[in-house]
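As recorded in TrEMBL:
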TRANSMEM  6-28  transmembrane segment
TRANSMEM  40-62  transmembrane segment
TRANSMEM  82-103  transmembrane segment
TRANSMEM  110-128  transmembrane segment
TRANSMEM  167-184  transmembrane segment
TRANSMEM  196-214  transmembrane segment
TRANSMEM  226-244  transmembrane segment
REGION    250-302  region 'Disordered'
COMPBIAS  286-302  compositional bias 'Basic and acidic residues'
C-alpha cells in the first residue's frame, strides 16, 4: 500500500491509474497522427474509464458471485474494487459504451477512436496485471522456475508455495500485442476499427492459453473454463469483423474528427483565420488603389 499523505492507495489501484494514464497518453499521440485534435482522447476517456471500471467489476461479480453472495459472505464486498477483481471482458464492453457516448457528443466515429486507443489499452492491461502481484492472485500451477511467484499468505484458500506467475505472462503478452498493433497499423494503414479488432483477436489468443495454466476456482462449461470460452468467441467475432471491414471499407478514414487537420487543430485553425484576414485586408487595399486610379483617369478624360 502506498500513502499519499493521509490517503492510502493500494498497489492494485495504483497500477490501474498508471495504466489509464499510459493509454490516454499513447492514444492522444496516435489520434493526433491520424488527424485529430489534442485532448480529444482524454475528453472521451472521461466517459470510457468509469464505464469500463463498472463493467469490469460487474463481470467479475457476476461470474464469481459465490465470493460475495454465498453463505457466510458479505455482499458489501462486491463494491470493494480496490481489493481486486475486474473482468477485462466487461471492462472493454461497457467501456466501449462510454466511449461511444463521448464520441457521439463530439461527432467522432467510434471505430476511428478505437483504432487510436487500441495499443494503449493493451499497455494499460500489461501495467494493470501487476496489481495482481500486489494482491497475490491469478497464478498458475506449482513450479520451481527462477521467475516463480511465491505465495506467502494462506488466506482465502491459498496454499503457500511457488507458482507460475500467469499475471506476468499476460503482462508480457499484452506488451507484445501493443507492439503488434502499432507495427501492423503503420505497415498496412489499418482503419475503420481494424486496429482495435487486431488487438482484441491477439489478446484473446494469448488469454486462452494463459487461462489453461490458472488453478484458481472458475466456472466450467463442457470441461473448459468460462474465460476460455469467452476468449474463443470474442476471437472469432474480432477476426470476422476484421475480414468483413477490410472488404467493405479498405484503407483508413480520411477524416477522423470534424474540423481537425492533425496536430493542434485549434491552433492551426486560428492561424489560418489570421491568414485569411490578412488576405482580405490586402485585397481591400488593392481595390481602393484601383478605384483611385479609375477616378484619376476619369478626371483626365474630362
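Each residue, glycine too, has its Cβ placed from N, Cα and C.
Scored by C-beta pairs under 8 angstroms, the transmembrane segment (40-62) has its highest count with 82-103, from the stretches 6-28, 82-103, 167-184, 226-244.
Simply put, out of 82-103, 110-128, 167-184, 110-128 has the most Cβ pairs sitting under 8 Å from the transmembrane segment (6-28). For the transmembrane segment (167-184), the neighbouring stretch richest in Cβ pairs under 8 Å, chosen from 82-103, 110-128, 226-244, is 110-128.
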